[in-house]
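TrEMBL annotations:
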BINDING   Ser16, Tyr17, Ser18, Ser140, Ser141, Gly142, Gly143  FMN binding site
DOMAIN    2-198  domain 'Flavodoxin-like fold'
Amino acid sequence: MKKILHVISTLNGQNSYSLALGNKILDQLKNEYPESEVVERNLVVEDFPHISEDKWQAIITPEENRTDAQKEAIAIQEEVIQELFDADILVIGAPLYNFGIPSQLKAWIGHLAKTGTTFKYTEEGPQGLVTGKKVYIAMSSGGVYSENPAYDFVSDYLIKVFGFLGMTDVELIRVEGIAIPELRDGALDKAEKQLAESLA
Ligand SMILES: Cc1cc2nc3c(=O)[nH]c(=O)nc-3n(C[C@H](O)[C@H](O)[C@H](O)COP(=O)(O)O)c2cc1C
């Protein structure tokens, strides 16, 4: 039995390519691990919060000194960190918007990066504390960046962030060329082929 965390961050609802690709990855995983349990976190639908000044002050206040309001402010951070540790496999939907990741996905990552909990600094440098996970990134983009990532600040960023937190087993699958009519129709099939190769 595997616990799978599916993170969605598209603005395109059910018409989303990153969601379609994420669902294809989930289908493969459910085939491989029929008893698996999927937890879905749709960051756009739930309007996932940014780290406000109040929240940051709550985070840096020692636990025993936190007010009730501060405890409430950071409850969501504890929740998403727990979800991350509970998962064996992560499927991250990552649309490319304005050269980068959606701000909601950035906010989620901001809540996960907690010194002493998900990473720590040692004399040898930073050490990720979230280990033993497999991460699939379902990346979608209007342009084609697999061969030249000139305007793709998603793939390298996400691979580095997950790696920093200890998740070094990362597979990034691309559904790309969505803004190019001649490529759009075959884009998902191409991504599925990349997925099949990565699972082979
Ligand atoms: C607000 C917005 C900004 C976008 N910016 C870019 C961009 O900078 N580069 C790019 O290649 N495609 C860009 N696109 C196209 C998306 O990457 C493409 O539509 C992709 O399918 C989005 O993923 P989704 O279908 O899961 O939402 C943008 C789309 C939107 C809606």
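Glycine is treated like the rest: Cβ placed from N, Cα and C.
Residues Ser16, Tyr17, Ser18, Ser140, Ser141, Gly142, Gly143, recorded as binding FMN, reach a greatest CA to CA spacing of 15 Å. Neighbour density at the Cβ, taken as the number of other Cβ atoms within 10 Å, is lowest among the binding-site residues Ser16, Ser18, Ser140, Ser141 for Ser16.
Taking the domain 'Flavodoxin-like fold' (2-198) as a whole, pLDDT averages 97 in the prediction.
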